[in-house]
Every structure is written in structure tokens, then in C-alpha cells.
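Report on the following structure.
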């Protein structure tokens, strides 16, 4: 058969004419074998004829087709499933179909892109490629083993999670106790400081009271001596005799200025005055002033606290009213240093 006859025969068998022309330069056997996967509607019958004649050439296959017009070969489904094999010429390379995805780093196979992506996110592997290896279905024993391994991994992860949570709980409890301990220590330190301040304040108040009693005692003694001397002088004047000598020449009589000087020396080491205001009803309030502040500062402070001008302050010991006439004197001069308690009247 001529080349033109071969071409016409191929066209009659259903092969595309343009493809037949481009491959007529090949051998007849190779040409027909090429069109088996590319030829069109009669491709299945042509492949069947070639198989039945043992691949002996186009003419032999054509003769078989002419003598078996009713034989269409195997069904398309059977051919697609591979039940009817087609012999390929020796040396022909067929295209392999990818059956799975393979991780080149750990050699594991995956049946879909989703499984490969999950493996990559879990392990950090990035080298994947298509593979012609098919993933064999698991047997019942393998399925049971996989399930057992999965349960073991889940149990292990649960134990790790519980252990981690236990450690975190202990750490939180330890931090809570440490914080409570620090708060308790801070509270105790503050209480100790308050106690020390209260003790120191009590000492200052006692010192002030002692100095006040000393001043009063000296003033009383001075008054007695002055009155005694005055009476003796009056009696001597009436009797025309010279005044009698003092009872004790070694006894020193302190003047009022000396008494004041003694009190000033006793308070000279203090730079602050802690004044406590005691109302006739209600709680007392305390404020610290400068030792050299004017008494007017105290009056202004009390006025701001009471929001009124109708009040009077009085020294508690010895009892002495402190009014606006003493506003220009300093707290040191009024003997209100280092501390003093003033009664609030009105």
C-alpha cells in the first residue's frame, strides 16, 4: 500500500488527517502505535487490531480490520482501567502518572496536597515532589496499629499538657505567696514605723510637759521670793529697820528672763512644731509647722479646717488662752516646740 493509501486508510479509521501527515515519515508500525493514545473515535478498534495481529504492521492490521468489521475491541471503561494491555514497541517511553506526593526529606508518601501541607506545617519540611508510587491501602492490622499509635501519642500529649499546667500552677502559687509575704513585710514595717513615731511623739510630749512644769515651778518660786522680799521691806520700813538679808546667800533666784532663756535653750534643737488641735467634741487633728512660723499660721490653718472665724485656742498645760494678740509671735517663742496640744473652744 502506498503512503497515500496509508494516509487514506488512517483517515477512514478515524485518525486526524493533520496528525497522520506529520507522522507518515515514521514506520507504519510506529505511526499506528503513536495514534493509539491520540487518534480519536476509532483509536480503540485500531489498537485492538494491532494487538490481535501481534504488531506485524499496518497492512496486517488493516487486513484484520477488514475481516473483523463487527469486532470493536474492548469497552472504553475496560481500556481505561488497564484490563486490556496494549503492547508498546520496544524502546518507546510512556508517560508515567503521578500517584502521590513524596517528601524527599523523610521519604513519606501523601495521597493529597492537603496531607503534604499538614506534614510541612508540622515538621518544617519543604522538599516535596510528585511520585509514581501508589499508597497502598492499610490492612486491618495496620489500621489497628495506627489507631493504637495515635491514642498513645494523644495520651502522651495529654500527660505533657497536664505536667506543664501543674508546673505553671505551682509557679503562680509561689509568686502569689511571695507577693503576700512582701505585702505582709511592708505592712509590718509601716506599723513598726508608726509605733516608733508614736513613741517618739510621746517622748516629746513628756519632755514638753516636764519643761512646762519646770518653768511654772521656777516662776512660782520666783514669785514667792519676790513677795517675801517685798513683805520684809515693808515691815522694815514701818519699823525703821534696814531690810533683812536673804535667807541663803548661796541660793540663786532666777529672773523671768532667765526662765525664758532656759526654755529657749531646751527647744533650740528642734526645727518643727507638731501641733494637735483637740475640739470639745469630735476627733482631734494634727499638723506640723515650722518652729519659727508665726502663730498666725496656726490660726489660718484652723480657720481653713473649720471654715469659720468663731473659735479660740487655749494651751492645755498650763492653761493659757492663745488669741490674736499672740499672732505675731513664733511657735518657738510661745513654747509650742517641739510639740503641743491646743484645746479648740467654740
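Just so it is clear, glycine is given a Cβ too, placed from its N, Cα and C backbone atoms.
Predicted, not measured: the structure shown is a model, and the values here were computed from it.
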>> Of the ranges 154-194, 277-317, which one does TrEMBL flag as region 'Disordered'?
In response: 154-194
> Taking all residues of the domain 'UBX' (268-344) together, what is their mean pLDDT?
Replying inline: 87
